[in-house]
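Scroll down for the structure; my scribbles are underneath it.
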Amino acid sequence: MGNCLSSSDQKEAKDRSVAIDKQIEEDSRKFKKECKILLLGSGESGKSTIVKQMKIIHQNGYTKDELLLYRLTVIKNLVDSAQAMVLALRKFKMEPEMPENRENVDAILQYRVDADPGATLDHAMARKVDSLWKDPIVPAIMERSSEFYLMDSAAYFFDNVNRIGQSDYVPNENDVLRARSKTTGISETRFNMGQLSIHLFDVGGQRSERKKWIHCFEAVTSIIFCVALSEYDQVLLEESGQNRMAESLVLFESVVNSRWFLRTSVILFLNKIDIFKQKIPKQPLSKYFPEYSGGPDINKAAKYILWRFTQTNRARLSIYPHLTQATDTSNIRLVFAAVKETILTNALKDSGIL
């Protein structure tokens, strides 16, 4: 059958097509949409750190008064970590090699942080913690860090203990990014990314908090799901016998196959890649996931963990993975440039523009 359209009809059709394409481009440029992003993941996966990065990147960072609000948390994190080290020494029946540290450990264990927000770390205690951290026995303890709970930022705080111990100590943004306090309930952060008005909801990661997530589930544009790659050899804070990575897999499976998220894209942050790189040569992934056969190769190990997560996606949602280091502002800035494109595309589809 011949072509029934005249040359003038064809030109008109082509012009109309070009006009439609231009209109779509114009609509996209003018497009302004509120996007609801749900930030999910198990406890200590880095969700709250991502929220802090959004404040630094998109909300002009922290004022001095806001930084001071984190001073007590930083001091508590430091002291808790030092006490965890002392308890680990006793658990493994080890003793410090430096004589002064054999006396320091009792003082560290008995030290209590003043609950007053204006409290500072005692100078003498700061020196004791610094001395313990420099003790030759410490590497032997750290080799067994998967056998006791020690927060990821412990080494960072120990390295900065003398600065933190100053009477006029004001946390900097790096301190704030590493400060850890349990997230309870639901917090909302609002910021703009280009033509997108983002409403980012951070929900508590601990088990007791998960029943509250239901309130956030309606009309979600995207989910950002955080997984700490470094947790493959760790146990849950809530239940010492449960592997953290296995728990994250169960949680991810329940999220991606939920009836609430049938049309939602999932942005998967494989977080704490820096700690993962340090840990893989020392703690074989195959010890915890026997079917893994890639050895200490960081890329193979990360790909295997990604594969484990994507295998749970029976609902066949679109999953966009990113390797992240939530404490590194430049890394998160780059990652969110890519995330913005994903969210924008989904928002345009939801609005019928694409």
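Placed from the backbone N, Cα and C atoms, the Cβ positions cover glycine too.
Pulled from Swiss-Prot:
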{"type": "BINDING", "residues": "41-48, 177-183, 202-206, 271-274, A326", "note": "GTP binding site"}
{"type": "BINDING", "residues": "S48, T183", "note": "Mg(2+) binding site"}
{"type": "DOMAIN", "residues": "33-354", "note": "domain 'G-alpha'"}
{"type": "LIPID", "residues": "G2", "note": "N-myristoyl glycine"}
{"type": "LIPID", "residues": "C4", "note": "S-palmitoyl cysteine"}
{"type": "REGION", "residues": "36-49", "note": "region 'G1 motif'"}
{"type": "REGION", "residues": "175-183", "note": "region 'G2 motif'"}
{"type": "REGION", "residues": "198-207", "note": "region 'G3 motif'"}
{"type": "REGION", "residues": "267-274", "note": "region 'G4 motif'"}
{"type": "REGION", "residues": "324-329", "note": "region 'G5 motif'"}
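Recorded features from Swiss-Prot, shown on the structure.
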residue : record              : DSSP (3 states)
G41     : GTP binding site    : strand
S48     : Mg(2+) binding site : helix
L177    : GTP binding site    : helix
T183    : Mg(2+) binding site : coil
V203    : GTP binding site    : strand
N271    : GTP binding site    : strand
A326    : GTP binding site    : coil
CB within-chain contacts under 8 A for A326 (GTP binding site), separation at least 6: G46, T49, I50, Q53, L177, C226, F269, N271, K272, I332
L177 (GTP binding site) CB neighbourhood, other CB atoms within 10 A: 23
Mean per-residue pLDDT computed across the region 'G5 motif' (324-329): 96
Cβ atoms near N271 (GTP binding site) (within 10 Å, other residues, all chains): 29
Entry from the binding-site residues list S45, S48, S181, T183 having the most other CB atoms no farther than 10 A: S45
C-beta crowding around G41 (GTP binding site), within 10 angstroms: 26
Integer Å distance between the CA atoms belonging to S48 (Mg(2+) binding site) and G41 (GTP binding site): 10
